[in-house]
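Visitor: Once you've had a glance at the structure underneath, I'll fire off some questions.
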């Protein structure tokens, strides 16, 4: 046997080795011509010979985007072009760039260019080339764990994510106790903060090459979405689609999911469950970017994006084609928004399916006033138009249940030195969609509707156009509620005709810059969060809209609200805050990426009491895991509310056990003793019945004798509670 050390080069049989493939790859062309510089283009228009110069000029201009065009030959036969041509580029790199840019490009509605290198012709024509297509190899289906397993937690606990430095971990909430970790902490799990999908099914992380989805009990990796340098993401309402955005344009390649039609685009829409690329979009030049760039209807049947003087609405079920095959032309359109729920319009209530509603607005021009519109889909019918004058901006605020939409109209005086706000509230469930107008003397900065209710809160300030002192608290917090009718006190979710909103209370001299409602309604947190500029310290105020005590903050009484401040927290450094899905707990935290002092988080209950506080070095982010909507019917919810006292005993016991370990051990011990006694009693009963035919624990019937045989005796006992002596003037 020949060893490797004794092997010599002259002993290798070189003549038996086939070098034909290497010779073809590295052969030197006669005359120094490199055929990789030449392109063969198919799919060009067949034009008369007289129009060849025009066609050559158009194609030269197109291919010059990839590099300098040295020569272009367009064959002509019988007075017409043959539909293909040959192009010589200045370099191999320019030719490859042209293939990437224009292979598959639509020249017009009838012509799509197919671009190949001239050397490809030899490869495709060789005997070794496989000309017959084969079915692609479909990878085996990889089953995943139950993606909503966290909802099966016996104690109904919620999960949250903590990010510290480059470490990320998921935890179970245990109120005041140390939270339980889900798996191990992961290093560099995401380049940025992680995000949950709207219903909590997926956890999404950022990476250099795109986005990754995670799920299941142990947060296993599910899918990867290739989009280099991705900076933003969004998920559609039903979690069907993932939207990713990168500032760098897409460059198609063999190892990417992008085709030639995606060249230069920056927005991708993916199927979140399968990981397939559904659609890519470009961004119009000089466009004002308003995130999210792609917005979806509540049921993911339609999506839309803003363009210059047009609104593009896509029919998702029709492979993301434009609705009606064309853009919705709107001169000067500034913004749009889909209703978060389906709307039962009065003229359409006989139909079972609710209506998809969309709102948008256009600014003032020389010929027409500013207008806000409500449009139904898919018929694009305008069901309401609100005319506005002297407008500087309009913001759209949808009610969570889509019972109302508020157009926040920021107006100005004719001199444009003073700004103020009008609120135009459209009542979508009433006949002809009436509009309630609330005129305010100050400018609204923030507005938030109560979830599952009809009340709202605003933060505003006087804006006279002058210089402001950032050290002086100048903001107003205003609380609004619908007026209360004396004849019928209907459910708060439905407003009778002509019902109006009234100002319940104004709190002045505030730095407040954020409003956060509990998802369950009733409680609202008005906050001053650190923004790194003017605000250096944070504060937090909790308000109860249904306070049951005697004294309230109400300035008017004929409203469906009993407002009271229940807690005030100040001298903090919060930069962010978020409620959990139940609406029981609010987390406020200080992020190291925004502020360097006292980084960490605090969990408050809805009454403003601190449940857990933890200072964490280099703390970055806190995220509650959302929950899907309840599957209970209205009747089942009503039954649960009716038996709430019965259930609350069990919940209070669980909370007590969580808060006091000694009490928990005592309760568990008593439960075990009671269970043992019940078991012993049943065993004794069965033994006596089987051995002695003796039944224990007999139930004796009550005495049915005539009640007249009994005499009822009443005993009255008097007790002196207080004795006083008082001198009385005599009339004698």
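Positions of Cβ are set from backbone N, Cα and C atoms, glycine also.
The feature region 'Sufficient for interaction with HCR1 and TIF32' is assigned by Swiss-Prot to 1-94. For 1-219, the entry in Swiss-Prot reads region 'Sufficient for interaction with PIC8'. Here Swiss-Prot flags 37-120 as domain 'RRM'. Look at Swiss-Prot and you will find 185-224 tagged as repeat 'WD 1'. Residues or ranges marked as repeat 'WD 2' by Swiss-Prot: 237-280. What Swiss-Prot lists as repeat 'WD 3' is 439-481. As annotated by Swiss-Prot, repeat 'WD 4' applies to 507-554.
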Visitor: Take the repeat 'WD 3' (439-481) and average the pLDDT across it for me.
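Guide: That stretch averages a pLDDT of 89.
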Visitor: Going along the chain, which residues at least six beyond the ends of the repeat 'WD 3' (439-481) come within the CB cut-off of under 8 Å?
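Guide: Residues 395, 397-401, 403-404, 406, 408, 410, 417-423, 492-493, 495, 501-522, 524, 526, 534, 543, 545, 559-561, 563, 583.
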Visitor: Taking residues 6+ outside the repeat 'WD 2' (237-280), which of them lie with a CB under 8 Å of any CB in it?
Guide: 100-106, 197-199, 201-202, 204, 210-211, 213, 223-231, 291-294, 296-300, 303, 314, 316, 320, 340
Visitor: How many helix, strand and coil residues does the repeat 'WD 4' (507-554) contain under DSSP?
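Guide: When I sort the residues of the repeat 'WD 4' (507-554) into the three classes, I find 0 helix, 22 strand, 26 coil.
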